[in-house]
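Some features that TrEMBL has for this protein:
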COMPBIAS  250-259  compositional bias 'Polar residues'
DOMAIN    22-211  domain 'Nodulin-like'
REGION    247-268  region 'Disordered'
TRANSMEM  50-68  transmembrane segment
TRANSMEM  75-98  transmembrane segment
TRANSMEM  104-124  transmembrane segment
TRANSMEM  145-167  transmembrane segment
TRANSMEM  179-204  transmembrane segment
TRANSMEM  294-315  transmembrane segment
TRANSMEM  327-347  transmembrane segment
TRANSMEM  359-379  transmembrane segment
TRANSMEM  385-408  transmembrane segment
TRANSMEM  420-442  transmembrane segment
TRANSMEM  462-484  transmembrane segment
Amino acid sequence: MAISPAVLRCAALVVGCLGLLLQGMAITFNAYQLALKQFFSLSQSQTEDIASLGYVGVQLGLLPGWTYEKIGIRWNLVIGLVLGTGGYLFIFSSTYLADFYGKNHWLLAMYFFFVGLGGVFTGLTSMTPNLGNFHENHGGKIIGLLDSAFSLGSTLSAATYAAAFINGHTNGDEAKQNISGYFIMLASASLVINVLCIIFVRVVPLSENAGKTPMSEVYSSKEFRYHELEVISDAEDESDLEYAQGELPSENQGQGQSEGDTDRRINGNDSREAVTMASEKTFPAILKDWDFHFILWVFMFCTTLQFMVVNNITVIVKAANFASQAAIFPVLSPVVTTLTKFTMGVVSDALIAKISRDSMLLVIIVIQTVTLIVCCVIPEEFASLVALTLSAAVANGTIYCLTPLLLVEHFGLKHFGVNWGFTMMFSSFATVGVQKGFGKLYDYYGYTAKTGETLCYGSKCFQLSLIIAAVLSGCAVLFNVAIVQRRKRMETIRREA
(Lines of atoms letter the chains of each structure in order from A and count residues from 1; the text may use other names and numbers.)
(Lines give C-alpha, C1' and ligand atoms only; values in the text may rest on other atoms or scores of the structure.)
Protein backbone atom coordinates (compact mmCIF):
# COMPACT_ATOMS: atom_id res chain seq x y z
CA MET A 1 0.00 0.00 0.00
CA ALA A 2 1.50 3.29 -1.14
CA ILE A 3 2.06 5.93 1.52
CA SER A 4 0.16 9.15 0.93
CA PRO A 5 2.29 12.10 -0.29
CA ALA A 6 0.75 14.19 2.50
CA VAL A 7 2.05 11.72 5.10
CA LEU A 8 5.52 11.69 3.52
CA ARG A 9 5.48 15.49 3.42
CA CYS A 10 4.55 15.78 7.10
CA ALA A 11 7.09 13.12 8.10
CA ALA A 12 9.82 15.00 6.23
CA LEU A 13 8.83 18.20 8.04
CA VAL A 14 8.75 16.65 11.51
CA VAL A 15 12.09 14.89 11.08
CA GLY A 16 13.46 17.99 9.35
CA CYS A 17 12.67 19.90 12.53
CA LEU A 18 14.75 17.32 14.42
CA GLY A 19 17.62 18.01 12.00
CA LEU A 20 17.44 21.73 12.75
CA LEU A 21 17.14 20.90 16.46
CA LEU A 22 20.43 19.00 16.22
CA GLN A 23 22.08 21.94 14.48
CA GLY A 24 20.89 24.21 17.30
CA MET A 25 22.49 21.93 19.88
CA ALA A 26 25.88 22.74 18.35
CA ILE A 27 25.73 26.40 19.42
CA THR A 28 24.97 26.07 23.15
CA PHE A 29 28.52 27.05 23.99
CA ASN A 30 27.53 29.67 26.56
CA ALA A 31 25.91 27.00 28.76
CA TYR A 32 29.20 25.20 29.44
CA GLN A 33 31.71 27.93 28.53
CA LEU A 34 32.92 28.51 32.10
CA ALA A 35 33.20 24.76 32.78
CA LEU A 36 35.21 24.18 29.61
CA LYS A 37 37.46 27.14 30.37
CA GLN A 38 38.28 25.94 33.88
CA PHE A 39 38.46 22.23 33.06
CA PHE A 40 41.15 22.77 30.42
CA SER A 41 42.73 25.82 32.15
CA LEU A 42 42.15 28.10 29.17
CA SER A 43 42.35 31.88 28.91
CA GLN A 44 39.26 33.79 27.80
CA SER A 45 40.88 34.46 24.43
CA GLN A 46 41.54 30.73 23.90
CA THR A 47 37.96 29.97 24.92
CA GLU A 48 36.72 32.49 22.35
CA ASP A 49 38.85 30.75 19.70
CA ILE A 50 37.00 27.50 20.37
CA ALA A 51 33.59 29.20 20.38
CA SER A 52 34.34 31.10 17.19
CA LEU A 53 35.56 28.09 15.23
CA GLY A 54 32.53 26.10 16.31
CA TYR A 55 30.31 28.92 15.13
CA VAL A 56 32.15 29.11 11.81
CA GLY A 57 31.41 25.41 11.36
CA VAL A 58 27.70 25.92 12.04
CA GLN A 59 27.58 28.84 9.60
CA LEU A 60 29.69 27.27 6.82
CA GLY A 61 26.58 26.61 4.79
CA LEU A 62 28.06 27.19 1.34
CA LEU A 63 29.72 23.77 1.36
CA PRO A 64 26.58 21.70 2.18
CA GLY A 65 24.56 23.96 -0.12
CA TRP A 66 26.90 23.14 -3.00
CA THR A 67 27.10 19.41 -2.21
CA TYR A 68 23.30 19.29 -1.87
CA GLU A 69 23.02 20.21 -5.54
CA LYS A 70 25.80 17.78 -6.53
CA ILE A 71 25.31 14.61 -4.47
CA GLY A 72 21.77 14.95 -3.08
CA ILE A 73 20.02 14.66 0.25
CA ARG A 74 21.14 11.23 1.47
CA TRP A 75 24.89 11.67 1.06
CA ASN A 76 24.74 15.15 2.56
CA LEU A 77 23.11 13.69 5.65
CA VAL A 78 25.69 10.90 5.84
CA ILE A 79 28.41 13.55 5.88
CA GLY A 80 26.53 15.35 8.65
CA LEU A 81 26.34 12.13 10.67
CA VAL A 82 30.08 11.41 10.37
CA LEU A 83 31.21 14.97 11.15
CA GLY A 84 28.74 15.69 13.95
CA THR A 85 28.83 12.39 15.80
CA GLY A 86 32.58 12.04 15.30
CA GLY A 87 33.21 15.58 16.55
CA TYR A 88 31.24 15.00 19.75
CA LEU A 89 33.07 11.73 20.39
CA PHE A 90 36.46 13.46 19.99
CA ILE A 91 35.40 16.18 22.45
CA PHE A 92 34.24 13.50 24.88
CA SER A 93 37.61 11.73 24.62
CA SER A 94 39.47 15.00 25.25
CA THR A 95 38.06 15.18 28.79
CA TYR A 96 40.38 12.29 29.69
CA LEU A 97 43.44 14.25 28.51
CA ALA A 98 42.80 17.65 30.04
CA ASP A 99 46.45 18.67 30.41
CA PHE A 100 47.29 17.80 26.80
CA TYR A 101 44.31 19.65 25.34
CA GLY A 102 44.84 22.60 27.67
CA LYS A 103 48.20 23.10 25.97
CA ASN A 104 46.80 22.34 22.50
CA HIS A 105 43.47 24.13 22.55
CA TRP A 106 43.51 24.39 18.75
CA LEU A 107 42.62 20.67 18.63
CA LEU A 108 39.53 21.34 20.73
CA ALA A 109 38.68 24.19 18.39
CA MET A 110 38.89 21.82 15.41
CA TYR A 111 36.61 19.30 17.12
CA PHE A 112 34.03 22.00 17.73
CA PHE A 113 34.41 23.07 14.10
CA PHE A 114 33.60 19.53 12.95
CA VAL A 115 30.57 19.45 15.26
CA GLY A 116 29.33 22.75 13.81
CA LEU A 117 29.98 21.68 10.23
CA GLY A 118 28.16 18.40 10.79
CA GLY A 119 25.27 20.39 12.24
CA VAL A 120 24.93 22.65 9.21
CA PHE A 121 25.13 19.67 6.84
CA THR A 122 22.21 18.11 8.70
CA GLY A 123 20.28 21.35 9.25
CA LEU A 124 20.52 22.88 5.79
CA THR A 125 19.79 19.54 4.12
CA SER A 126 16.73 19.14 6.35
CA MET A 127 15.47 22.65 5.60
CA THR A 128 15.82 22.92 1.82
CA PRO A 129 13.50 20.05 0.70
CA ASN A 130 10.79 21.18 3.13
CA LEU A 131 10.67 24.67 1.64
CA GLY A 132 9.63 23.16 -1.70
CA ASN A 133 7.26 20.58 -0.25
CA PHE A 134 4.56 23.04 0.79
CA HIS A 135 2.53 25.75 -0.90
CA GLU A 136 4.15 29.17 -1.16
CA ASN A 137 1.46 30.76 1.01
CA HIS A 138 2.87 28.82 3.96
CA GLY A 139 6.51 29.79 3.36
CA GLY A 140 6.77 31.96 6.47
CA LYS A 141 5.20 29.31 8.69
CA ILE A 142 7.51 26.56 7.38
CA ILE A 143 10.64 28.69 7.81
CA GLY A 144 9.42 29.84 11.21
CA LEU A 145 8.77 26.27 12.34
CA LEU A 146 12.13 24.95 11.10
CA ASP A 147 14.09 27.88 12.53
CA SER A 148 12.18 27.56 15.80
CA ALA A 149 13.39 23.98 15.99
CA PHE A 150 16.94 25.29 15.53
CA SER A 151 16.55 27.62 18.52
CA LEU A 152 14.69 24.98 20.50
CA GLY A 153 17.77 22.78 20.13
CA SER A 154 19.81 25.41 21.96
CA THR A 155 17.11 25.77 24.62
CA LEU A 156 16.78 22.05 25.30
CA SER A 157 20.53 21.56 25.25
CA ALA A 158 21.18 24.43 27.69
CA ALA A 159 18.29 23.40 29.96
CA THR A 160 19.44 19.76 29.99
CA TYR A 161 22.97 20.80 30.85
CA ALA A 162 21.77 23.07 33.66
CA ALA A 163 19.44 20.41 35.08
CA ALA A 164 21.58 17.29 34.79
CA PHE A 165 25.26 18.17 34.37
CA ILE A 166 26.07 21.29 36.43
CA ASN A 167 25.51 19.38 39.71
CA GLY A 168 25.58 22.54 41.83
CA HIS A 169 29.07 23.63 40.78
CA THR A 170 28.47 27.32 39.96
CA ASN A 171 30.69 29.29 42.36
CA GLY A 172 34.20 29.12 40.96
CA ASP A 173 34.25 25.31 40.78
CA GLU A 174 32.71 24.96 37.31
CA ALA A 175 35.52 22.55 36.34
CA LYS A 176 33.71 19.89 38.38
CA GLN A 177 30.64 19.98 36.12
CA ASN A 178 30.01 16.79 34.16
CA ILE A 179 30.97 17.95 30.66
CA SER A 180 32.11 14.47 29.56
CA GLY A 181 28.64 13.04 30.20
CA TYR A 182 27.08 15.93 28.36
CA PHE A 183 29.11 15.39 25.20
CA ILE A 184 28.50 11.65 25.05
CA MET A 185 24.78 12.44 25.29
CA LEU A 186 25.10 14.84 22.34
CA ALA A 187 27.00 12.22 20.33
CA SER A 188 24.15 9.76 20.86
CA ALA A 189 21.57 12.37 19.86
CA SER A 190 23.55 13.19 16.72
CA LEU A 191 23.65 9.54 15.67
CA VAL A 192 19.93 8.92 16.18
CA ILE A 193 18.69 12.14 14.57
CA ASN A 194 20.92 11.85 11.53
CA VAL A 195 19.73 8.29 10.90
CA LEU A 196 16.10 9.46 11.11
CA CYS A 197 16.85 12.29 8.66
CA ILE A 198 18.47 9.87 6.20
CA ILE A 199 15.30 7.75 6.27
CA PHE A 200 12.57 10.40 6.19
CA VAL A 201 13.81 13.72 4.73
CA ARG A 202 12.96 13.87 1.02
CA VAL A 203 11.44 16.00 -1.73
CA VAL A 204 7.68 15.41 -2.07
CA PRO A 205 6.37 17.58 -4.96
CA LEU A 206 2.95 19.19 -4.60
CA SER A 207 1.82 17.69 -7.91
CA GLU A 208 2.97 15.15 -10.46
CA ASN A 209 4.22 17.83 -12.86
CA ALA A 210 5.83 19.98 -10.20
CA GLY A 211 9.30 19.51 -11.59
CA LYS A 212 10.22 23.05 -10.70
CA THR A 213 9.90 24.48 -7.25
CA PRO A 214 6.95 26.88 -7.14
CA MET A 215 7.78 30.53 -6.70
CA SER A 216 6.42 32.55 -3.81
CA GLU A 217 3.85 35.22 -4.41
CA VAL A 218 5.30 38.26 -2.72
CA TYR A 219 3.40 41.47 -2.01
CA SER A 220 4.80 44.69 -0.65
CA SER A 221 1.49 46.54 -0.30
CA LYS A 222 -2.24 45.96 -0.65
CA GLU A 223 -2.44 46.91 -4.28
CA PHE A 224 1.00 46.08 -5.64
CA ARG A 225 2.66 42.75 -6.34
CA TYR A 226 6.34 43.37 -5.60
CA HIS A 227 7.97 40.94 -8.03
CA GLU A 228 6.74 39.95 -11.44
CA LEU A 229 9.08 37.01 -11.29
CA GLU A 230 11.03 35.83 -14.29
CA VAL A 231 12.27 32.27 -13.94
CA ILE A 232 15.42 31.17 -15.72
CA SER A 233 15.11 27.42 -15.53
CA ASP A 234 18.66 26.41 -16.49
CA ALA A 235 21.95 28.14 -17.18
CA GLU A 236 22.22 26.17 -20.42
CA ASP A 237 18.89 27.46 -21.71
CA GLU A 238 18.61 31.05 -20.54
CA SER A 239 16.37 31.99 -23.44
CA ASP A 240 13.62 29.75 -22.03
CA LEU A 241 11.93 32.31 -19.79
CA GLU A 242 8.81 31.67 -17.76
CA TYR A 243 6.96 34.45 -16.03
CA ALA A 244 5.66 33.03 -12.78
CA GLN A 245 3.69 36.08 -11.68
CA GLY A 246 2.01 39.13 -13.21
CA GLU A 247 1.26 39.79 -16.87
CA LEU A 248 3.01 37.71 -19.50
CA PRO A 249 5.01 39.63 -22.09
CA SER A 250 4.10 39.54 -25.74
CA GLU A 251 5.87 37.12 -28.06
CA ASN A 252 8.03 39.89 -29.50
CA GLN A 253 9.04 41.16 -26.09
CA GLY A 254 10.33 37.76 -25.06
CA GLN A 255 12.59 37.38 -28.09
CA GLY A 256 16.19 38.46 -28.27
CA GLN A 257 16.69 38.91 -24.55
CA SER A 258 20.16 38.09 -23.35
CA GLU A 259 21.53 37.62 -19.85
CA GLY A 260 22.96 41.12 -20.07
CA ASP A 261 19.49 42.49 -20.79
CA THR A 262 18.20 40.67 -17.76
CA ASP A 263 20.97 42.03 -15.54
CA ARG A 264 20.34 45.55 -16.77
CA ARG A 265 16.70 45.25 -15.77
CA ILE A 266 17.61 43.85 -12.37
CA ASN A 267 20.10 46.60 -11.62
CA GLY A 268 17.75 49.34 -12.66
CA ASN A 269 19.38 50.55 -15.89
CA ASP A 270 16.14 50.03 -17.78
CA SER A 271 13.70 51.95 -15.57
CA ARG A 272 10.49 50.68 -17.21
CA GLU A 273 11.44 47.02 -16.60
CA ALA A 274 13.50 47.32 -13.44
CA VAL A 275 10.69 45.77 -11.44
CA THR A 276 10.98 42.46 -13.28
CA MET A 277 13.38 40.41 -11.23
CA ALA A 278 15.28 37.40 -12.56
CA SER A 279 14.64 34.54 -10.18
CA GLU A 280 16.28 31.14 -9.84
CA LYS A 281 19.56 32.92 -10.64
CA THR A 282 22.81 31.03 -10.27
CA PHE A 283 25.11 31.95 -7.40
CA PRO A 284 27.72 33.81 -9.53
CA ALA A 285 24.89 35.92 -10.97
CA ILE A 286 23.48 36.99 -7.61
CA LEU A 287 26.91 38.16 -6.47
CA LYS A 288 26.44 41.01 -8.97
CA ASP A 289 23.02 41.91 -7.59
CA TRP A 290 22.73 44.88 -5.22
CA ASP A 291 19.70 43.38 -3.46
CA PHE A 292 21.72 40.34 -2.47
CA HIS A 293 24.54 42.46 -1.07
CA PHE A 294 22.18 44.55 1.03
CA ILE A 295 20.52 41.42 2.45
CA LEU A 296 23.94 39.83 3.01
CA TRP A 297 25.40 42.76 4.94
CA VAL A 298 22.33 43.26 7.10
CA PHE A 299 22.50 39.60 8.07
CA MET A 300 26.23 39.80 8.72
CA PHE A 301 26.10 42.92 10.91
CA CYS A 302 23.21 41.59 12.99
CA THR A 303 24.26 37.98 13.51
CA THR A 304 27.84 38.99 14.34
CA LEU A 305 26.84 41.21 17.25
CA GLN A 306 24.05 38.85 18.36
CA PHE A 307 26.41 35.89 18.55
CA MET A 308 28.91 37.95 20.54
CA VAL A 309 26.23 38.99 23.04
CA VAL A 310 24.43 35.65 23.35
CA ASN A 311 27.55 33.48 23.44
CA ASN A 312 29.21 35.62 26.12
CA ILE A 313 26.17 36.59 28.16
CA THR A 314 27.19 34.41 31.12
CA VAL A 315 30.63 36.04 31.14
CA ILE A 316 29.04 39.51 30.92
CA VAL A 317 26.55 38.76 33.71
CA LYS A 318 29.29 37.41 35.96
CA ALA A 319 31.50 40.45 35.27
CA ALA A 320 28.56 42.67 36.26
CA ASN A 321 28.43 40.81 39.60
CA PHE A 322 25.23 38.84 38.97
CA ALA A 323 26.86 35.40 38.98
CA SER A 324 24.01 33.79 40.92
CA GLN A 325 21.58 34.66 38.10
CA ALA A 326 23.95 33.68 35.27
CA ALA A 327 22.35 30.27 34.62
CA ILE A 328 19.04 31.93 33.64
CA PHE A 329 20.41 33.70 30.58
CA PRO A 330 21.55 30.72 28.44
CA VAL A 331 18.00 29.35 28.69
CA LEU A 332 16.17 32.69 28.34
CA SER A 333 17.85 33.65 25.08
CA PRO A 334 17.02 30.55 22.99
CA VAL A 335 13.46 30.41 24.40
CA VAL A 336 12.78 33.95 23.22
CA THR A 337 14.52 33.29 19.89
CA THR A 338 12.43 30.15 19.33
CA LEU A 339 9.13 31.94 19.99
CA THR A 340 10.18 34.90 17.84
CA LYS A 341 11.06 32.77 14.81
CA PHE A 342 7.73 31.00 14.69
CA THR A 343 5.75 34.16 15.50
CA MET A 344 7.49 36.19 12.81
CA GLY A 345 6.90 33.40 10.27
CA VAL A 346 3.17 33.40 10.96
CA VAL A 347 2.92 37.20 11.15
CA SER A 348 4.89 37.77 7.94
CA ASP A 349 2.58 35.39 6.06
CA ALA A 350 -0.51 37.10 7.47
CA LEU A 351 0.60 40.70 6.90
CA ILE A 352 2.64 40.40 3.70
CA ALA A 353 -0.05 42.23 1.72
CA LYS A 354 0.18 45.18 4.13
CA ILE A 355 3.74 45.25 5.43
CA SER A 356 6.77 43.99 3.53
CA ARG A 357 9.18 41.64 5.25
CA ASP A 358 12.10 44.06 4.85
CA SER A 359 10.07 46.72 6.73
CA MET A 360 9.32 44.28 9.56
CA LEU A 361 13.02 43.51 9.81
CA LEU A 362 13.92 47.21 9.88
CA VAL A 363 11.64 47.91 12.87
CA ILE A 364 13.22 45.09 14.91
CA ILE A 365 16.79 46.16 14.10
CA VAL A 366 16.05 49.76 15.12
CA ILE A 367 14.76 48.49 18.49
CA GLN A 368 17.91 46.38 18.86
CA THR A 369 20.11 49.40 18.15
CA VAL A 370 18.33 51.60 20.71
CA THR A 371 18.61 48.85 23.35
CA LEU A 372 22.34 48.46 22.74
CA ILE A 373 22.88 52.20 23.10
CA VAL A 374 21.02 52.18 26.43
CA CYS A 375 23.09 49.21 27.63
CA CYS A 376 26.29 51.06 26.73
CA VAL A 377 25.18 53.90 29.03
CA ILE A 378 24.06 51.70 31.97
CA PRO A 379 25.92 48.42 31.47
CA GLU A 380 25.92 47.11 35.06
CA GLU A 381 22.18 47.24 35.72
CA PHE A 382 20.47 43.85 35.84
CA ALA A 383 17.47 45.21 33.93
CA SER A 384 19.73 46.43 31.12
CA LEU A 385 21.36 42.98 30.85
CA VAL A 386 17.93 41.36 30.60
CA ALA A 387 16.92 43.92 27.94
CA LEU A 388 20.19 43.25 26.09
CA THR A 389 19.51 39.51 26.05
CA LEU A 390 15.88 39.91 25.00
CA SER A 391 16.61 42.40 22.20
CA ALA A 392 19.44 40.26 20.79
CA ALA A 393 17.24 37.16 20.96
CA VAL A 394 14.22 38.81 19.31
CA ALA A 395 16.36 40.37 16.58
CA ASN A 396 18.20 37.09 15.99
CA GLY A 397 14.94 35.17 15.70
CA THR A 398 13.55 37.76 13.30
CA ILE A 399 16.56 37.89 10.99
CA TYR A 400 16.94 34.10 10.83
CA CYS A 401 13.25 33.80 9.95
CA LEU A 402 12.96 36.64 7.43
CA THR A 403 16.35 36.51 5.66
CA PRO A 404 15.72 33.08 4.02
CA LEU A 405 12.28 34.32 2.93
CA LEU A 406 13.80 37.46 1.42
CA LEU A 407 16.32 35.32 -0.47
CA VAL A 408 13.51 33.13 -1.83
CA GLU A 409 11.45 36.19 -2.80
CA HIS A 410 14.36 37.71 -4.69
CA PHE A 411 16.18 34.67 -6.07
CA GLY A 412 13.91 31.61 -5.86
CA LEU A 413 14.38 28.13 -4.40
CA LYS A 414 16.41 26.35 -7.07
CA HIS A 415 19.76 27.54 -5.67
CA PHE A 416 18.51 28.43 -2.19
CA GLY A 417 20.96 26.06 -0.47
CA VAL A 418 23.99 27.81 -1.98
CA ASN A 419 22.58 31.32 -1.52
CA TRP A 420 21.59 30.80 2.12
CA GLY A 421 24.75 28.82 2.81
CA PHE A 422 26.99 31.61 1.50
CA THR A 423 25.07 34.18 3.55
CA MET A 424 25.66 32.21 6.73
CA MET A 425 29.30 31.55 5.89
CA PHE A 426 30.03 35.19 5.11
CA SER A 427 28.71 36.32 8.49
CA SER A 428 30.70 33.68 10.35
CA PHE A 429 34.07 35.13 9.32
CA ALA A 430 33.17 38.55 10.70
CA THR A 431 31.92 36.85 13.85
CA VAL A 432 35.33 35.31 14.45
CA GLY A 433 36.94 38.76 14.46
CA VAL A 434 34.39 40.32 16.80
CA GLN A 435 34.43 37.28 19.09
CA LYS A 436 38.22 37.37 19.22
CA GLY A 437 38.07 41.08 20.03
CA PHE A 438 35.74 40.43 22.96
CA GLY A 439 38.14 37.85 24.36
CA LYS A 440 41.17 40.11 23.95
CA LEU A 441 39.44 43.02 25.72
CA TYR A 442 38.31 40.76 28.55
CA ASP A 443 41.82 39.33 28.98
CA TYR A 444 43.37 42.80 28.86
CA TYR A 445 41.25 44.13 31.71
CA GLY A 446 41.05 40.90 33.71
CA TYR A 447 44.56 39.47 33.59
CA THR A 448 46.26 39.08 36.96
CA ALA A 449 50.04 38.80 36.68
CA LYS A 450 50.51 37.11 40.08
CA THR A 451 48.16 34.21 39.41
CA GLY A 452 48.10 34.21 35.60
CA GLU A 453 44.28 34.06 35.70
CA THR A 454 41.89 36.18 33.66
CA LEU A 455 38.89 36.99 35.82
CA CYS A 456 37.41 40.39 35.07
CA TYR A 457 34.77 42.34 37.01
CA GLY A 458 33.04 45.59 36.19
CA SER A 459 31.70 47.29 33.08
CA LYS A 460 35.21 47.81 31.71
CA CYS A 461 35.27 44.10 30.83
CA PHE A 462 32.52 44.35 28.20
CA GLN A 463 31.41 47.98 27.69
CA LEU A 464 33.64 48.63 24.68
CA SER A 465 32.39 45.39 23.11
CA LEU A 466 28.81 46.62 23.53
CA ILE A 467 29.73 49.91 21.86
CA ILE A 468 31.10 47.96 18.88
CA ALA A 469 27.88 45.96 18.80
CA ALA A 470 25.81 49.16 18.76
CA VAL A 471 27.84 50.49 15.81
CA LEU A 472 27.31 47.23 13.88
CA SER A 473 23.58 47.38 14.59
CA GLY A 474 23.48 50.98 13.32
CA CYS A 475 25.17 49.87 10.10
CA ALA A 476 22.54 47.14 9.71
CA VAL A 477 19.81 49.78 10.00
CA LEU A 478 21.36 51.79 7.16
CA PHE A 479 21.62 48.78 4.84
CA ASN A 480 18.09 47.70 5.70
CA VAL A 481 16.85 51.19 4.81
CA ALA A 482 18.55 50.74 1.43
CA ILE A 483 16.59 47.50 0.85
CA VAL A 484 13.32 49.25 1.69
CA GLN A 485 14.12 52.21 -0.55
CA ARG A 486 14.97 49.98 -3.51
CA ARG A 487 11.67 48.18 -3.09
CA LYS A 488 9.75 51.46 -2.95
CA ARG A 489 11.59 52.70 -6.04
CA MET A 490 10.50 49.59 -7.95
CA GLU A 491 6.94 50.09 -6.75
CA THR A 492 7.02 53.62 -8.16
CA ILE A 493 8.42 52.43 -11.47
CA ARG A 494 5.76 49.72 -11.68
CA ARG A 495 2.92 52.19 -11.09
CA GLU A 496 4.30 54.62 -13.66
CA ALA A 497 4.92 51.92 -16.31
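Quick reminder: no glycine exception, Cβ is built from N, Cα and C everywhere.
Please treat TrEMBL annotations as automatic predictions, because they have not gone through curation.
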Listed stretch, out of 50-68, 179-204, 327-347, 420-442, 462-484, that has the most CB pairs under 8 angstroms to the transmembrane segment (145-167): 327-347
Long-range neighbours of the transmembrane segment (359-379), counting only residues six or more past its ends (CB under 8 A): 298, 302, 305, 320, 344, 347-348, 351, 385, 387-388, 391-392, 394-395, 398-399, 402-403, 406, 459, 462-463, 466-467, 469-470, 473-474, 476-477, 480-481, 483-484
Same-chain residue ranges lying at least 6 outside the transmembrane segment (179-204) that approach it to Cβ under 8 Å: 5, 8-9, 11-12, 14-16, 18-19, 21-22, 25, 32, 35-36, 39, 73-74, 77-78, 80-81, 84-85, 88-89, 91-92, 95-96, 118, 122, 125-126, 129-130, 132-133, 157, 160-161, 164-165
Stretch-averaged pLDDT - the domain 'Nodulin-like' (22-211): 87
Paired segments the transmembrane segment (327-347) and the transmembrane segment (294-315) in contact, 3+ CB pairs under 8 A: yes
Non-local residues, at least 6 beyond the ends, that sit with Cβ under 8 Å of the transmembrane segment (294-315): 27, 29-31, 33-34, 44, 51, 55, 326-327, 329-330, 333, 361, 365, 368, 372, 385, 388-389, 392-393, 395-396, 399-400, 403, 406-407, 410, 422-423, 426-427, 430-431, 434-435, 438, 442, 461-462, 465-466, 468-469, 472-473, 475-476, 479-480, 482-483, 486
